[in-house]
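As annotated by Swiss-Prot, active site applies to Arg166, Glu283, with the evidence given as sequence analysis. As annotated by Swiss-Prot, active site, proton donor applies to Cys214. For 22-187, the entry in Swiss-Prot reads domain 'FAD-binding PCMH-type', with the evidence type sequence analysis.
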Amino acid sequence: MTDSFPFSVQESVPLSRFSTFRIGGPARYFKELTSLSEALTVFSYLHTHPLPYIIIGKGSNCLFDDQGFDGLVLYNNIQGQEFLSDTQIKVLSGSSFALLGKRLSSQGFSGLEFAVGIPGTVGGAVFMNAGTTLANTASSLINVEIIDHSGILLSIPREKLLFSYRTSPFQKKPAFIASATFQLTKDPQAAKRAKALIEERILKQPYEYPSAGCIFRNPEGLSAGALIDRAGLKGLKIGGGQISEKHGNFIINTGNACTADILELIEIIQKTLKKQGISLHKEVRIIPFRL
C-alpha cells in the first residue's frame, strides 16, 4: 500500500515514541516532514486523495489510542529560524518552543520567556495558544504561515486571527501551521525571568514521570489543579495512570499506563467537579483510533 503514495511513508510506527505520555499503539502510516516543500507535496496529495490524517509535533499535548491511529500520522519536524529585523523572528513550526524561548531570553530578547516551560513545537504552541501566567503565544505573534486544505501556502497577519485562552482558529478550521513570526523586545532581564519560571515549574510539576502536561483548562478565575486537590483526588491511581500528588492537573504514567487508565481518571475528575457545579474542559487532545 505504501507504494501508492508519491512520497515515502512508514507503516506500523509506535506512537508511544512520539508522545510525552509514552502511550499509543501503531500508526497505520507515518510520515516525517522535514521541509516546507515536502509538506506542500503531502497536502496537495491529500487534497485529491482523501485519507484520515493527523498532524503531531512533539506529542506533548496528545493522548493516543492503545490501538494506534488508522490513517496517516504527519510528524512535523520542519525546523529553522531567521531574524527579519532586529526584533522580529520567523520560526518554522517544527522547532522546539522551549529551546526557542531559552535561546532568545539568553540573548536578551523578551517576549517568549514563558516558552521555556512548554515542551511542544512552535506549531503546537500556536495551535493551542499555549502559555503561562506570564503570557501566551498570541501575545507576541505577528504573522502565521499555513498550508490550507488544498495544499496552498498562505500568510495571515495576527490581526486576522482570533485567539483566546488555550484557543486558536486552527482548532476549528484545520490547517498545517508552517511558520510563526514573533515580535520581541530587548531586555537584559529576560534570561532571569526565564530561569525563575523553569525553576518554579520543576518545583511544582511532576517532570519525573511521562505526562501530557495540564489535562484541563483552568475555569475562568480558578485553578483546575487547586480544584482537583480540594476534591481530594490527588494521588488517585487506576492501572498505570495516576493523578499526580505534586500537581492535581497532571495525570502521569507511572510505568505501564494504557489509554483507558488515563481516560477513566479524566472522567472521574470531571464527574467529581461537576457535582460541585464546576465543568472542566480538556486541554489535552484525545486522538481516537479512527476519526
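Any Cβ shown, glycine's included, is placed from N, Cα and C.
Sequence features, as recorded in Swiss-Prot, placed on the structure.
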residue : record                    : Cβ within 10 Å
Arg166  : active site               : 19
Cys214  : active site, proton donor : 20
Glu283  : active site               : 19
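A gap of 7 Å separates the Cα atoms of Glu283 (active site) and the residue listed as 'active site, proton donor'.
Counting only the Cα atoms, the space from the residue listed as 'active site, proton donor' to Arg166 (active site) is about 11 angstrom.
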